[in-house]
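Asker: Please find one structure pasted underneath; my questions will follow.
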Amino acid sequence: MAEDGRKEQIIVDLEAGSEWRFELEADENIALRILSPDPVFINSEELPPATWYPIHRYTKGSLYAPTAARLEVTSLPASQYTSTSTIQPQLLNLHLALERNRILAKRYLFNKGSSEVVRGPRVMVVGPPSSGKTTVVKNLVNLALSTGMGWTIGVAGLDPSSPSNLIPGTVSIATPSHPIPTHHLAHPFGSPPTSIPSNMLSADVATVGWWLGGLEPTNKNAEVWKVLIENMGSEWKNKCEKDKMALASGLIVDTSSAFTNPLLGTKKDDPKARYSLVDQAVDALDIDTILVIGHEKLHIDLSRLPSLQSRAVNVIRIPKSGGVVDLDDAQKELVQSFQIRTYFYGEPILPKEISGLMGKMVGFDGSLNPYSFQIGWDTLVVLRVGEENSAPSSALPLGSSRTLSPTRLTRVDPSGPAHVVRLLNTVLAIVDIKPEDRLKPEKAPKEEVKAEPEGEAEPVKEEEEEEDMEEVPFREEIGKREVLGFIVITAIDAQKKKYTVLSPSPGKLPSTVAIAGFVEWVDSA
């Protein structure tokens, strides 16, 4: 008989070098603990011995045992099995090669000795959809953070559909200092700082995020994407100039499956260019190693890419894990909705039968209390970034043309048609505004209006008013700046001209300028 009145112990025995894989459904929450003396790992994080480790519903993962091990589970998931096919030895060999570069870089930077390595490794992981890119990144980060060398590795998330530690639609860079646990779907690389005490050791990870507003890079937002990646590269470069340990620790980059599309982001002036997204990221983040998961043709294509050969970038192919789960669109939407909800409401609460276990890893209540309030249309300025959000060229007079910046700002008019405005249930990114960001409107000299055609003068006046309403009084750069946080528009009152917004905390917004995208979320339990 098991303790705490449970019916019986559920034991899982693992062979040396095997994995226990599980896929939790909507009604499955489990907790497990290690009964054997030898260590067991989940995504290369060592599980504490004899301490219950909770895992929330919908989570899919695996435990790796280098030696024979025994673990106890509160309940067996419907989908679970053990396998001796694992890529952990390959990941460990890769980690040892990267660790050697870190140690040599640290020796050079701090001791000023001669070394062939002057900085830490910068690795980018690419691969097709559902190939395990995020899992590989997490394993490499945890292996480095478990060495006790005090590394401050940069983790860049270039997959807006599965962001590292913010919400869908963002790209970010973070610097975790402890091995990252695997408790639930949100925050795969550690949770950002919150207003309550964290219940995970890896929480409060310093994070800088940029808002793309879409779930993947496309040809329409290619220019915006390029600027965001360049800004991320500048931010990391500035950090490395101030922090030698960050420079020695290196950078590991998770990417979107769109990086495998050779034609995505190709410009009209250079139609023969291939893998532009890979090129841009390598150039902005100064990548020296690319890991290709399982895709042989992609590995060959990138190895032959002239731009990568000129930079002497190492392209290495690693096998795809047999435990990778293919996610359909419905599952991806569920994960994205869960990540946004966690941002506003905090981490999910465990059921009583698991939260009551002794030696648990999480707190009693990790929930947050978001705040809903109304704000006027004139007070909250909602903008969109990119030429795709401007009026079509067909609306211009015959024979006329225009040249617009691909990253220009357009103001959203909430009084317009709902299918055009698309603000209800839309996630907005709050950006910081400085005094120098405001533009003074240029007032054109008033022209005298003749008295005879009174009927013709009124439409001209209306057009001028519309132009004033659409005018953006801010510099273009604010649309590509780091975000301060996120809110959601939950209701629009056209009569009172007010938004109802959901904010993660009460009080005034840090800024009244928000960037809208095309990420929507309905607040439902």
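Each Cβ is built from the backbone N, Cα and C atoms, and glycine gets one as well.
According to TrEMBL, the protein carries these features:
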- 14-103: domain 'Clp1 N-terminal' (DOMAIN)
- Glu19, Lys60, Ser130, Ser131, Gly132, Lys133, Thr134, Thr135: ATP binding site (BINDING)
- 127-346: domain 'Clp1 P-loop' (DOMAIN)
- 368-523: domain 'Clp1 C-terminal' (DOMAIN)
- 439-476: region 'Disordered' (REGION)
- 439-453: compositional bias 'Basic and acidic residues' (COMPBIAS)
- 454-471: compositional bias 'Acidic residues' (COMPBIAS)
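Are these features on the surface or tucked inside, and what touches them?
Answerer: Cβ neighbours within 10 Å of Lys133 (ATP binding site), excluding its own Cβ and spanning all shown chains: 27.
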Asker: Between the binding-site residues Ser130, Ser131, Thr134, Thr135, where is the Cβ count within 10 Å the lowest?
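Answerer: Sparsest of the binding-site residues Ser130, Ser131, Thr134, Thr135 by Cβ contacts within 10 Å: Ser130.
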Asker: Compute all pairwise C-alpha distances among Glu19, Lys60, Ser130, Ser131, Gly132, Lys133, Thr134, Thr135, the residues listed as binding ATP, and give the largest one in whole angstrom.
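Answerer: Farthest-apart Cα atoms in Glu19, Lys60, Ser130, Ser131, Gly132, Lys133, Thr134, Thr135 are separated by 19 Å.
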Asker: Neighbour count, 10 Å Cβ-Cβ cut-off, for Gly132 (ATP binding site): what number do you get?
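Answerer: I count 22 other Cβ atoms within 10 Å of it.
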Asker: Could you give the mean pLDDT over the domain 'Clp1 P-loop' (127-346), rounded to a whole number?
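Answerer: Over the domain 'Clp1 P-loop' (127-346), the predicted model scores a mean pLDDT of 90.
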Asker: Between Glu19, Lys60, which of the binding-site residues has its C-beta surrounded by the fewest other C-beta atoms within 10 Å?
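Answerer: Relative to the other binding-site residues in Glu19, Lys60, Lys60 has the fewest Cβ atoms within 10 Å.
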